[in-house]
Amino acid sequence: MLFFTVLLPVVGFWYLLPIYEVVTITGDERGAGTDANVFVTLFGDYGITPKVHLASKSRTAFERAKTDVFRIRTHNVGPLKKIRIEHDNTGLNASWFLDRVVVTDVIRPHLRFYFACNNWLSKVEGDGLYIRDLLGSMDPMDMPKYNKYAVSVFTADVKGSGTDADVFINIFGEFGDTGERRLDNDKNNFERGTEDKFTIEAPNLGKIRKVTIGHNNKGSSAGWFVDKVVVDDMGNKTVYEFPINRWFAIDEDDGKIQRDILVGGNQPTGIVYNVQIVTGNIRGAGTNSKIHIMMHGSKGMKNSGKVFLEGGKFERGLTDIFNVEIAALLSPLSRVTIGHDNGGVSAGWYCEKVVVYCPFTGIEQTFPCGKWLDEKEGDGLIERELYEMVSLRQRRQKKHPWSLWIWTSDLPGAGTDADISFQVYGDKGKSDEIRLDNKTDNFEQGQVDRFMVELPDLGKLTKLRIWHEKRNPFAGWHLSKATIMKTLTKEKYTFPCERWLDTNEDDNEVVREMSFCSAVIKYRVTVCTGTIGGSGTDASVFLNLIGGQGDTGDRELVNCKNNVNKFEKGNLDEFIIEAVNIGQVHRVRIGHDGKGGGCGWFLDKVIVREEGQAEAHAVEFPCNRWLDRNEDDGQIVRELVPFSEGQRLYNVNYHIAVKTGNIPGGSSDSNVFVKLYGEKGDTSKMMLLVSANNLGNYFETGRVDIFTVETFDIGQINRLMIGHTNEGMRAGWFLDSVQIMVPVHGRHYMFPSHRWLCKDEADGKTEVEIYPSEILDMEQLINYEITVVTGDVTFAGTNAKVFVQMYGDKGKTEIITLESRSNNYERNTTEIFKIEAKDVGKVFKIRIGHDGSGIGSGWFLETVDMREVVYYFPCNRWLAVDEDDGQIARELVPVDEAFMWKDDDEEGTGATLGLEQKSMSTTYTLKIKTGEKKYAGTDANVFAILFGENDDTGIINLKACKNYKNKFEQGMINEFTVEAVDLGDLEKLRIGHDDSGGSSGWFLDWVEIDAPSQGQRLRFPCGRWLDKGEDDGAIVRDLYPAELQTELYMPFVPYEIKIYTSDVFGAGTDADVFIVLYGQKGVCTQQKHLCVNKRERRLYFERGAEDMFIVELEDIGDIIEKIRIGHDNRGTNPGWHLDRVEIRRQLRKGKVGSETTIFPCECWLAKSEDDGETVRELVSSDIITEKLLRDGTLKRTETEVEDALETHTYTVSVRTGDMYRAGTDANVFLTIYGDLGDTGERKLAKSENNKNKFERGEVDKFTIEAVDLGQVFKIRIRHDNSMMGADWYLDQVEVLDVETEEVYMFLCERWLSTKKEDKRIERTFFVKVFIPYHFTLSTGMDRDASTTARVYVIIIGPGEIETDRLWLDLPEGKTSFTAGTMEHFVSYGTDVGEIKRVEHDQHYPQSESLHLKYVLENIQLKCYIKKRNWLFYISIIYYMFQVVYSATVVTGDTQYAGTDTNIFLTVYGVNGSTEEMLLPKNEDRFERGQEDTFSLEIDDIAPLKKIRVRIDGSGSRPDWFLDRILMRNLTTDEMYLFTYEDWLSKTKGPKRTKVCELAAVVDEEEMVEKTTYIIQVQTSDIPGAGTDANVFLMVFGEYGDTGTLPLKESTNRNKFERKMKDVFRFPDMLSLGELSKVRVWHDNKGPAPGWHLEYIDVKDETMDQNFRFPCDRWLAKNEDDGQIMRELACANNDSVDLSDKTKYEIATTTANTDDASTVENAWIVLEGRKARSKEFVLENKKKKFLCGATDTFEFSSKHVGEIAGICLGHITKDGKKVKNEAFWHVMEVVVTEKELGNKYFFRCDAQIPLAAKKDQFLTFECYKSIESFASKVRSLVPVKYEIIIITGDVKGGGTDANVFITIYGVNGDSGKRHLRQKFRNLFERAQTDRFVVEMLDLGELLRIKVEHDGSGTSCGWYLECVEVTNTANSVTTIFQCGKWLDTRKADGQIQRVLYPKY
């Protein structure tokens, strides 16, 4: 026996369901068994179970005479009353003879029920039923009685009323239903006018409530007209009559073929269920079978009966929609049963899901299936029970059924053939527009038509609007009244009318509004058409008035009261709109249908007033826009509000994306409309006529059409209605989905549809309500109204595409194109655009520009206004390549409204706002260098984008070059100007081109960007092709600034300069005009040329002209004291008569407004007029101030300048030297500097006393007129090197101030020549009265060390003589003295003589608080006077590892003692030496008799022993007489004197040397003795041991090294022969002390260079000590390891034996506090690397361990090696117990190993507790150790180093040059080693080369230097990295390089110093 369990899909509760055992006994009849699927449904006292499949794995189930047992788990329905057993009629033998069924409750076995059948379940056997209801009994012998129902069906006597289809009936009673029963008794049933009788046997149903009757639409004549049905309940002796009198036909009446009929013919309360059946999108999913559905109510107690879904296609991937009307409320459903009759050719069906929506409850339920209903697929079922996926349940608007009666009047011609529509209004809203398009003949004369309609909850109804749309002669209709009743509550409203809806009757209107509670009033509407060309329209115009109490609906404006031809240009057309009172009209919706040839319409405004009211009460609705598909935004419907300003901001844009399904025939030619429903109201029905994405033919298959509709804000959208007008050849439409984007709300709504809107498809609907499946968040935008005014100048308009981008404190918008369908941006036009963009907060700038496309793209933009908050963006500039600065995009900043509306009639107050905008923007000058390579130039269009930390500029088309017409040619530097606002610091530059033109490839060298307002100049190196055929093929590159090439300077500020040329004959000029501005104390700007090219020079400075320039120059302070203005005297008419100059600046210190300074001139700047001067200095006369007050007004004040500077005359005497060819024919230029300013460069053109100027030995006098310079302290003089005899020897210059009679003398005595001395033709000289002071300021490293204040210095000399405040103003680009930085300054001040002290302080602006703390670490001060240098140095800085020395270098006072050569210094001390340091020349150092001071930061190697000074002999004056060098330790103030008093020269002096070593002298004592070194070199006694090469030696010792000693003059004539000893003597050398090693090598020259060296002995005669350096190795390329350089360690140190005991000195320092000392003992243990010492007791004898004392102890111990730590204890004497707690506070312990002298330092600063035993102690680690020289020497053992060189894998990376390496370690360096190998091509691309070099152990490696000699054809080398391995300890150090060593690439270096990669 088999048992089966069926689990119901109620997840999580299956185990709670009872189990029923179902036993079926198949009868013992022939053919009794069945192959069909068998199902059972249990009916009990508590409910009904779902249909359960009795599934069996046995193939023999339900066979003849077989008993089958099944266990099913289902709902508990209590004691069973009946069961319904059935099969699906599938399989080969579907017929089944069932004997009986036994059902047992397994949990309660006593509940066993017997259900006798003894009948066929077969379509072909017995009574043809295969579904049976069986009554049950607990007595197996009991045979329950069944009731009989006699059914009489009366077919009406109407033409075509009979049917050939199969008719079904289901009788519903209080105890259930009979199920579908086919009414067929083998007669020709259901013929016209007949009565057919049938008997149905079924369990007692109790009182019958309704019947469901219908047919399956089979046969050729399926339509059926039923008169009535009579059911005779024989058991209960009751007869029920069901009057019907309706068609059951697809093509008649309402198209239904199945109906629910209530008893007695009551109109059924039909609950409509919208059923969507989705067929799966898999192969073979569709079916030809008849699909049916059964809907089950809650708990399954009620059901719909089997409903046949006729008219569906059920094709693959399609959704079929049906409206099923059931006379029962089942929603929400518990489940649905879906199945088919297994008929047709392809019966199998794959059902995806079923969706049921009940409008009455507003619930939409989804029942997933996703299975086959196919006897050949899966489990073979053709009917399934589906359960809801609750998570997909949707709540929609509830709609209730209403009955509507329409009474057509009984008047002649009162009927109509038109489709009638109506709309109902209530106090809770309004219904949709509902069309009454019944299929029968309605609205006939005297007829009452009844309709069932569904309406939402409108509350109490207030009015009804009814209309038709036909205006033909036979469409007229006379309506008597309309009555509407709510079916459930019987709530009834009657709306009387008794009027015509006819174009030829009454008032000719076809719309009527009716109300039983409000009056119908008339509105007079005046429509004003615009007056511009083409304003009128021939289209049909409609209008909707929207008020506080409703709206009028769309009314077609047909009957004009005053014009026959409506809506013509300039017309004012009046119309009467009759409607129920809508309250105050606050919005008008007006539009047209877009039909007709001239349908475009320019609407000016609409005026609305109630009929009978005064004109003053009229409400005006301005429009002033096109309603035209081809103009403006293309919209032909607009909503107007009664506001003029910012009108467009009151509406919201809804972007509707409509997707047409991608199925055959899915497109539509009909007009589509949409209506949106929101929480704040719903829109009107809006036709989608104008697409935003302009795809032409709308609603095509598979396409998305986007429409923008503009209406009032309806809040969050909860649903939409979409449909079409069903017009056109192919009106049917398959709508896939709708998406609505509402950027202003930040919402994106998804409305899935996937259904037909077609009269002939699905449910036949052409409109549908859709609810959102998902509401997504999108970026919320806001509305902006932008008004763009194009200027009224010639060619001002543009055809290019204009864009805008807005920037605010919350970010920036995207780039938005400002375009419409009109011809925009014509000359003198104003255009208004509404855009949706990100809320950027308060707008601080906009970027507006165009793409330069089209003919005549140049555009003169006057202003831009923006509304959201009102902003004004004045421009008044060209956006054109060939105008202004050539930019076609500009960034504009808003200005205050007060500045926009200045009184233009008042003189000098015109709105010139360029200065305000300039101050808020940054001007960038781009210099672009095209490479020098062949074909480097490009013809393509180049663009750039500047990226800052805050923003980027967007794409800048580099079209308007300032200096070349033909741009980007080979080797050319092109200059462009870009303006931007608030980019922040530039971070990168993107530059590229569009690859157009004949030769588009471009080699870009670099780009330089100068931002004066930010005070920085950045270099963006590139050095690559932008070419698809070169390099990596990229034509766009991102470039980054090179930090080392960044220049910072003081930021510039904007000035507005107005130049007024006089109105006199010939006043204008074509010359190049320049200007310089001066502030107080001589602060001035650079010289600024006001025109950038010849074109501008021709345009500006015409007679009587006023020219304005906005320039950025240095900030010269609060007051402009004078200006210098002039020109270059070039051009056809250079003479210029200048009237005045006005300079306007913004007010400082945060005030809003400007200050204008006026500089009168009224004289000529011309060679041929007046005094012939072309340069004038002007002083200010008046200052005009305009200040914005708090109330928004401008206050203007004018003041006269007092104490203006005077003009002085200066006589300049120039003496030329009296020597051969001293005179010059060149042009000489002079600049005089004073403390109040300078003269600017003046040409010394006309000598007052000599016709031929600047001749040998002559004095020439010149007169210069300038504004008072104050105290003159400096001149700069130069010549231009022109003419043949340009060289000039200048002796002196004398300047006489004629007004003050002060004389200033400047001594020169130097050549100004490109051939002599230092080849300079420009020199600067100082007068002794004022001298320059050079400052170097270092700011501390503390976090709060920075300051933004201005810093000044006062220098004080003897007798408290002091300078003024010398301001140390930071360079442009820097705003603060930043922690850890060093700044350099030059200031001019009074000569105070010997400097005694320096005072410094800070000055804070008023706006800055004083909480900033500024930490000055040091000031370095240098002051230059003729022949003398002073140094004053103040230091408050201490370095942990390095010490600062001041080095003063004194050049001798001997003829030609000065030099231009490079001078190098190396310093040697007891604790090491420095590297060789270059002392910078800086143009004015190392001159005769001069002292030059340098700041040297070196390792702490004190005390100093000696220095080595070297010159390289370069420069025009290579010889140098060095007198002495003085070095001072600025920390300890120790002084070291190094005296030489001789020449460093190859040609002068007795020594003829370029190197000298000088011993340090301290307190007149030399720190190093002089000695003679005798060097003995022993060549080995082996064959070929001698050498012919040149041998060199370097000796290393305690005090440094000897430098290179060439071993030239030996005691033997023939040096270095086999078995020979050569002796060399080197006298007068500085002793090195103890020697450590020697380095010996030869140059491998001569016929036999190989050399076998035995040893070298070095004798120090002063010390009388010999040092032996054994070798016994070859120095030969062909022997041993091939090395020709060896390092030999000193053998003397080997005698020290450390294997035994040694002595340790221990020094303890007790803290200097009151309780630090102790009277007890201490003990110590040394922890060494090799061993641990025993415990040493530090006995406290003779008062040791006192406060602040250092005590020394000495012990003998075994050698413990390097000491890493100590253990320190505090113990009582004699082992006494500790009575009271006591401590010893020790600060430091120093341990010295006496044999070698190594020292170890331990910082303690700890309290050691006193203990009786040595079990308490503290441990300390060594923090510093000093290795003695002897110890270092012992570690010098030969080590082999493996050197691996990796050449980079880049093109041309390999080198043929000779490569050298020098390795530096803590023990010294390796010397320069040549890396070479035999028979190997070294250093090739991507190659790794390995070398082994032997040298003395260098210890830890610090760095390496890699270099090559540049030899070979391909000497450039890309070095990737170097690895050096000490083979003795296997430690590898990696030195990353990744750079070129190539003179032609990168920085041009061929040597690199590399540091380890840790």
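Cβ coordinates come from backbone N, Cα and C, glycine included.
Residue counts for the domain 'PLAT' (18-135) under DSSP (helix as H, G, I; strand as E, B; rest coil) come to 0 helix, 59 strand, 59 coil. According to TrEMBL, the domain 'PLAT' annotation covers 18-135 (among others).
Within the model, the domain 'PLAT' (147-262) carries an average pLDDT of 86. The domain 'PLAT' annotation in TrEMBL covers 147-262 (among others).
Residues annotated as domain 'PLAT' in TrEMBL: 271-387 (among others).
Residues annotated as domain 'PLAT' in TrEMBL: 521-641 (among others).
Summarising the annotation, TrEMBL assigns domain 'PLAT' to 652-771 (among others).
If you look up TrEMBL, you'll see 782-893 (among others) marked as domain 'PLAT'.
Taking H, G and I as helix, E and B as strand and the rest as coil, DSSP gives the domain 'PLAT' (922-1040) the counts 0 helix, 60 strand, 59 coil. Look at TrEMBL and you will find 922-1040 (among others) tagged as domain 'PLAT'.
Summarising the annotation, TrEMBL assigns domain 'PLAT' to 1053-1179 (among others).
Annotation comment: TrEMBL describes 1443-1558 (among others) as domain 'PLAT'.
For 1571-1689 (among others), the entry in TrEMBL reads domain 'PLAT'. As a summary of secondary structure, the domain 'PLAT' (1571-1689) carries 0 helix, 64 strand, 55 coil according to DSSP.
What TrEMBL lists as domain 'PLAT' is 1702-1822 (among others).
Look at TrEMBL and you will find 1839-1955 (among others) tagged as domain 'PLAT'.
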| message | With pairs fewer than 6 apart in sequence excluded, do the domain 'PLAT' (1443-1558) and the domain 'PLAT' (1571-1689) have three or more C-beta pairs that lie under 8 Å? | response | yes
Its residues classified by DSSP, the domain 'PLAT' (782-893) shows 0 helix, 60 strand, 52 coil
Checked against DSSP, the composition of the domain 'PLAT' (147-262) is 0 helix, 62 strand, 54 coil
For the domain 'PLAT' (1443-1558), the DSSP helix/strand/coil residue counts are 0 helix, 62 strand, 54 coil
The DSSP breakdown of the domain 'PLAT' (652-771) into helix, strand and coil residues is 0 helix, 62 strand, 58 coil
For the domain 'PLAT' (1702-1822), the DSSP helix/strand/coil residue counts are 3 helix, 68 strand, 50 coil
DSSP puts the residues of the domain 'PLAT' (521-641) at 3 helix, 60 strand, 58 coil
